[in-house]
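Quick notes on the structure that follows.
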Amino acid sequence: MKSLKDKIVSEGIVLSDTVLKVDSFLNHQMDPQLMKEMGEEFARRFAEDKITKVLTIESSGIAPALMTALTLNVPLVFARKQKSLTLREDLIVERVHSFTKEVTNDVTVSRKYLSPDDNVLIIDDFLAVGEAAQGLARITEQVGAKVAGIGIVIEKSFQTGRHTLIEAGYRVESLARIASLHDSSVQFIEE
Ligand code: 5GP
């Protein structure tokens, strides 16, 4: 997606060979117009898939996932990283290790908001080794629902996540695919 790639080039900060910081439009300040365009693009790619629910993980997945859900006219559910005091019973729990924060969270979703007949589109901001997306897929499958696909805003294609998800049988759609962050420069996979 050209507008996203342009934004990454103009505002992204390469922190290391493996980490890209995009706090100015996705991970801290958010660009609503770009979020809207990304939501429309995900919705276009999954238009024929009869999606009934969009699932993401707090917090940075929420904005693109919400715009996708709005365009598809389905609810958005976000998995929580911290156990909420009001979220007590019937929880689906999966352990997810965070690549950037180097912590493991018990990620939870209430069974109230996912049912076996759901056809779920998983959305996340980044794909690195695929832990977050796999955790969301396991949550979906724990309730007997189907994973229709996984939509990623920024895929770091030089890490293992995409391969792992495709090997596991999931369809992965990424709006920007990064081939390398070497020498503080962002190189994309041209598609
Ligand atoms: P994975 O679970 O695929 O290993 O990593 C994906 C998660 O880690 C995303 O939800 C995102 O929050 C975070 N993440 C991974 N790599 C990066 C990165 O290069 N930059 C930022 N800002 N977040 C990342």
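Glycine is treated like the rest: Cβ placed from N, Cα and C.
Listed in TrEMBL:
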BINDING   LEU20, ASN27, LYS156  xanthine binding site
BINDING   ALA128, VAL129, GLY130, GLU131, ALA132  5-phospho-alpha-D-ribose 1-diphosphate binding site
DOMAIN    43-160  domain 'Phosphoribosyltransferase'
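GLY130 (5-phospho-alpha-D-ribose 1-diphosphate binding site) sits 10 Å from LYS156 (xanthine binding site), taking the Cα positions as reference. Each of GLY12, VAL19, LYS21, VAL22, ASP125, PHE126, ILE154, ILE178 belongs to the same chain as LEU20, ASN27, LYS156, is absent from that list, and has a C-beta within 8 angstroms of the C-beta centroid marking the xanthine site. Once Cβ contacts within 10 Å are tallied over all protein chains shown, the binding-site residues LEU20, ALA128, VAL129, ALA132 are led by ALA132.
DSSP labels the residues of the domain 'Phosphoribosyltransferase' (43-160) in these numbers: 29 helix, 44 strand, 45 coil. Proximity to VAL129 (5-phospho-alpha-D-ribose 1-diphosphate binding site), defined by a C-alpha to C-alpha distance within 10 angstroms, is shown by the following binding-site residues from LEU20, ASN27, LYS156: LYS156. Other than the site residues ALA128, VAL129, GLY130, GLU131, ALA132, same-chain residues with C-beta atoms no more than 8 angstroms from the centre of those residues' C-beta atoms, the 5-phospho-alpha-D-ribose 1-diphosphate site, are HIS97, PHE99, LEU127, ALA133, GLN134, GLN159, GLY161, THR164. For the domain 'Phosphoribosyltransferase' (43-160), the model's average pLDDT works out to 94. Rounded to a whole value, the Cα-Cα separation of ALA132 (5-phospho-alpha-D-ribose 1-diphosphate binding site) and LEU20 (xanthine binding site) is 17 Å. Within the set of binding-site residues (ASN27, GLY130, GLU131, LYS156), the lowest number of other Cβ atoms found within 10 Å of a Cβ is recorded at ASN27. With respect to their backbone Cα atoms, LEU20 (xanthine binding site) and ALA128 (5-phospho-alpha-D-ribose 1-diphosphate binding site) stand 11 Å from each other.
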